[in-house]
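Taken from TrEMBL, the feature substrate binding site covers Asp38, Leu39, Asn40, His77, Leu78, Gly79, Arg80. According to TrEMBL, the feature (2R)-3-phosphoglycerate binding site maps to Arg54, Arg147, Arg180. If you look up TrEMBL, you'll see Lys231, Glu362, Gly391, Gly392, Asp393, Ser394 marked as ATP binding site.
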Amino acid sequence: MPAAANDLPALAARLVAAAEGLARAEDLRGVRVLLRADLNVPLTPDGAVADDSRIRATLPALQMLAAKGARVALASHLGRPDADADAGGRPAAWRARHSLAPVAAELRAHLPGDSFAGLAPDCVGPAAAAAVGALKDGQVLLLENLRLHAGEAANDAAFAAQLAALADVYVGDAFGVMHRAQASVTAVPALMPHRYPGPLVARELSNYLATMVHPRRPLGVAMGGAKVKDKIGVLRELIARADVLVVGGRMAYTFLAALGVSVGRTQIEQEWLEPARKMVDAAKARGVKLLLPTDVLVSESLDAPVATRIVPLTRSCCTPEAPCIPPGSFGVDIGPATAAAYAEALEACETLFWNGPMGRFEVPEFGGGTNALIAAVTAATKRGAATCIGGGDSLAAFAHAGPGAAVGFASTGGGASLELLEGAAMPGLRALDSPAAPAALVAAAPAPAAAAAAQ
């Protein structure tokens, strides 16, 4: 484990314990809680929520705090308003385009009765403060998109101070941004004496401890996706931890090319050929069973099956003069022999982690390898192995697999999950590391007379 990651297991264990302390707090009536969640949901072209998974993942924290009588100001970002090319000159339309209003509509459907107080007109300033001040015990108010203010992404101290003034207690439950040093993630909790991880963060960290720090052996990992560049750090870390590592997706072709296999028109990362060779050597030296595709499905189009066929891949036959993948074709999925070998290796593992599809699964004809991984994860889960999937594409593939698919834990962390595995700094987690005892929460509540007057 690299030096940067040495303290992450201990940090994770402390934060899990802190979250349990928050859960044990019996009475939070009158306590103003700023809950930082990750409600950065995808939207349809007409502005509706396309996938409410992140909203549903936030509900346990909301329900727990509301049941204890807390007055919850819910904060999140949505999209990247600062990257909107049409922002100039049309601030009202720009704010409307990036509003959390679609999320508010979904929350209203999930939260009972009058427990949802609606969407505040802003996340800071007099209007936001007035909306928070009007909350009753057990109510939830959604603050407007944090990223409508440049101070959020800039980790601005003045913006953080305005957010912190809205609450007595900070609860960080946005695991998906815990690798970002942004105002609502790092600067705000540093200003507040009472700060705690939420239940989603606790579940993610408990899973990290169970699968990567103290796994039941053998530990099997499947990595897919497009680029070695995006996962080079976590790949190196996994080679140091895993017993079995299978590689698919477009990144597999960079590994294959590094070993001398001609891959036709399939895009590879030339600058990562040598690092890929070194990782193969490192896996061999450590005794890790590293599997790469031995056959692939090829197509003359990435978007539809055109002249598709299964081709074997070996260093002896795949040469620039006689490539296994023809010059006009792309590798679009692992082949059936590879899928069977991957499934056999992974199904024998007691702990299994999968991040990234095995091919262009969005095209149904190119989804065989990814479906084989789903079947392997499901089989391992049903026989009692500890299983975890992560990454947006893997989650999407699993969601479309039908009710028969099963996994022990589905991580919503995305890049944060990978950076945690890599041993990155994780500033959002460190900002939550507080010596405050759960009992101190009682002191954050106003006196009964003041609470009654506020209502």
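If you go along the chain as it appears here, the first residue is 1 and each next one adds 1.
Any Cβ shown, glycine's included, is placed from N, Cα and C.
Just so you know, TrEMBL annotations are computer predictions that nobody has curated.
Overlay of TrEMBL annotations on the structure.
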residue : record                               : Cβ neighbours (10 Å)
Leu39   : substrate binding site               : 25
Asn40   : substrate binding site               : 19
Arg54   : (2R)-3-phosphoglycerate binding site : 21
His77   : substrate binding site               : 26
Gly79   : substrate binding site               : 16
Arg80   : substrate binding site               : 11
Arg147  : (2R)-3-phosphoglycerate binding site : 22
Glu362  : ATP binding site                     : 15
Gly391  : ATP binding site                     : 23
Asp393  : ATP binding site                     : 17
Ask   = Could you tell me the C-alpha distance between Arg80 (substrate binding site) and Gly392 (ATP binding site) in angstrom, no decimals?
value = 18
Request  = Determine which residues of the same chain, besides Asp38, Leu39, Asn40, His77, Leu78, Gly79, Arg80, have their CB within 8 A of the center of the CB atoms at the recorded substrate site, and list them by sequence.
outcome  = Val41, Ser76, Asn145, Arg147
By Cα-Cα distance, the member of binding-site residues Asp38, Leu39, Arg54, Leu78, Gly79 nearest Asp393 (ATP binding site) = Arg54
Remark   = If you count the other CB atoms within 10 A of the CB of Gly392 (ATP binding site), including all protein chains displayed, you should get 15
Inquiry  = What does the structure give for the C-alpha distance between Lys231 (ATP binding site) and Arg180 ((2R)-3-phosphoglycerate binding site)? Integer Å is fine.
reply    = 17
Request  = Could you work out which of the binding-site residues (Arg180, Lys231) has its C-beta surrounded by the smallest number of other C-beta atoms within 10 A?
outcome  = Arg180
Inquiry  = Rounded to a whole angstrom, what is the C-alpha distance between Arg54 ((2R)-3-phosphoglycerate binding site) and Ser394 (ATP binding site)?
reply    = 15
Query = What's the CA to CA span in angstrom from His77 (substrate binding site) over to Arg147 ((2R)-3-phosphoglycerate binding site)?
reply = 6
Task = Please tell me which one of the binding-site residues listed here (Glu362, Gly391, Gly392) sits closest to Gly79 (substrate binding site), measuring Cα to Cα?
result = Gly392
